[in-house]
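Notes to accompany the following structure.
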Amino acid sequence: MGNLVASMNGTSASLSLGKAVEGLLVRQTNPTNLDQVSFAYMSPNDKLNIVDDANTLNQFSRSVSVSKQAFEMALSLNISTPFAAVFRFLNMSQDEKNSTVLGNEVLGVEMGTHIKNLTDKINITFKTISYKGNTPNCSSWDGKGVKPNWTTEGCETYESDAGITCQCSHLTFFAILLSPINETISSADLKNLTIITQAGCGLSMFFLGVVLFMHFLIRKNKASQTTVILVHLVLALFLLNFSFLVNNQVAQVKSSVGCQIMAVFMHYFMLATFSWLAAQAFHICLNLYKGGQVQMQSYILALSATAWILPAVVVVILAILGKYGEQTIYADNPKDNVDMCWINDNKVHYIVNIGYYVLVFLFTFSTVIITLSWIFCLSRTRKGNRGEGRTGRSIVTVMGLCCQLGVSWGFAFFAYGSLRIPATYIFTILNSFQGFFLFIYYYNTTKSKQTEGSSSSQSFTSRATLKTGLEIISNPYMNVPHPKNN
């Protein structure tokens with residue numbers, strides 16, 4: 001670009017890089033008398049124009065104004081003849097996040113050097129263009145990669161009755177991305193959910209960490225199959241919470257490779273958590289069927305291979321296809337937008353994550369219904385205590401069982417439309433207690449194991465117990481008295 005400017009005889013030149021890419025270059029020949037330069041046009045079919053009088057910019061539907069400070073900064077960075085070139089791209093609607101670009105128009109501003117941290121910012125204005133039902137976000141792209149990977153960093157969005165104005169503190173490629181209103185969230189709700197999520201993940205990690213500490217460092221007896229499966233679930237959930245907590249910090253580094261790695265790890269541990277929830281439900285059903293300890297060769301090994309390797313296969317395939325990267329959670333105030341490292345293709349997200357969890361949810365929810373029916377059957381066969389004072393304990397048992405099998409994740413299904421915000425709050429709060437209930441469950445199962453080991457008077461029936469929820473309950477189908485024949 002510098003050679004082109006040096007060979008110019010005039011102060012401006014039209015640029016063309018194909019049918020869908022055109023531009024306009026302006027140079028300032030007097031370094032001692034620098035001034036703002038504005039470019040404008042009415043529609044994508046019109047040519048770019050240089051506008052000398054800023055007061056006439058209102059006559060155009062699109063405009064780009066390069067500030068005097070930008071020219072001064074270029075001059076200070078050894079650009080002998082300050083210039084500004086504005087390019088218009090009409091064929092860059094597809095990007096890494098499958099975003100919707102306002103008007104399918106992308107603008108690029110080039111000054112021959114790296115301009116950033118402007119206080120008198122670059123102004124980009126779009127008027128008389130419809131975007132009803134969507135929230136606009138001014139975004140930029142540094143030109144790296146095959147497809148644009150947009151970010152809102154360095155750009156501010158201002159909406160008015162006249163249109164949309166972007167104010168950006170650096171030079172690069174610019175576009176206005178549109179996100180449906182139901183995909184945005186109020187700044188207040190986003191902040192509240194962020195606080196609840198961080199506190200909930202921290203609380204859950206604490207109890208999950210206690211479980212891992214107790215199991216690997218202070219456990220004295222051999223772990224049962226139930227305990228081993230639980231510890232695998234605890235480990236997957238602990239790493240999922242940890243990766244979620246550090247996700248935003250990694251995204252703020254703005255390293256595409258680092259963000260992809262972060263997204264891979266978080267997605268893997270999420271799928272692994274789903275897999276171990278299904279394994280937990282399968283183990284409960286198998287115990288109910290067999291009435292106690294499962295006597296199968298390499299049973300735990302088979303569960304472990306399935307629950308850990310299957311998610312790895314899915315994640316590796318998606319990584320090869322390049323489906324991981326930076327994702328933005330849009331707020332009604334663009335300043336409060338939050339970046340995270342995640343899947344950048346919504347179709348893949350729905351097919352893989354939602355589809356996978358639907359299968360897990362149907363299985364685990366069915367297990368909850370079967371187990372609660374089993375508990376109800378047992379309560380009717382017991383003699384003596386008819387349940388006085390057990391209502392509170394039963395409620396806690398049900399909640400613990402739901403958290404243990406991940407049924408609370410099902411509230412994510414209702415996070416659409418008018419129920420989106422309430423369902424998200426319920427989902428976030430309930431999952432904050434998942435680590436606590438898993439800790440209680442682990443403590444009771446290990447405590448009961450120690451009690452069984454210290455008592456020699458236990459019968460085979462009491463040894464073949466199923467630890468369900470927060471209490472140890474004998475299989476009712478092994479103890480129901482048979483009716484007498486008349």
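Cβ atoms here come from the backbone N, Cα and C positions, even for glycine.
Annotation source TrEMBL lists domain 'GAIN-B' at 35-184. Under the heading domain 'G-protein coupled receptors family 2 profile 2', TrEMBL lists 193-446. The transmembrane segment feature in TrEMBL is assigned to 195-217, 229-246, 266-286, 298-321, 354-377, 398-417, 423-443.
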Query raised in the report: Going by DSSP, how much of the domain 'GAIN-B' (35-184) is helix, how much is strand and how much is coil, in residues?
Result: 21 helix, 61 strand, 68 coil
Query raised in the report: So which residues does the transmembrane segment (423-443) touch in its own chain, when a touch means Cβ under 8 Å and the partner is 6 or more beyond its ends?
Result: 189, 192-193, 196-197, 199-201, 203-208, 210-211, 214-215, 227, 230-231, 233-234, 237-238, 241, 399-400, 403-404, 406, 408-409, 411-416, 467, 469-470
Query raised in the report: Which residues, given as numbers and ranges, are at least 6 beyond the ends of the transmembrane segment (195-217) yet have a Cβ under 8 Å from it?
Result: 223, 227, 230-231, 234-235, 237-238, 241-242, 244-245, 425, 428-429, 431-436, 438-439, 442-443, 446
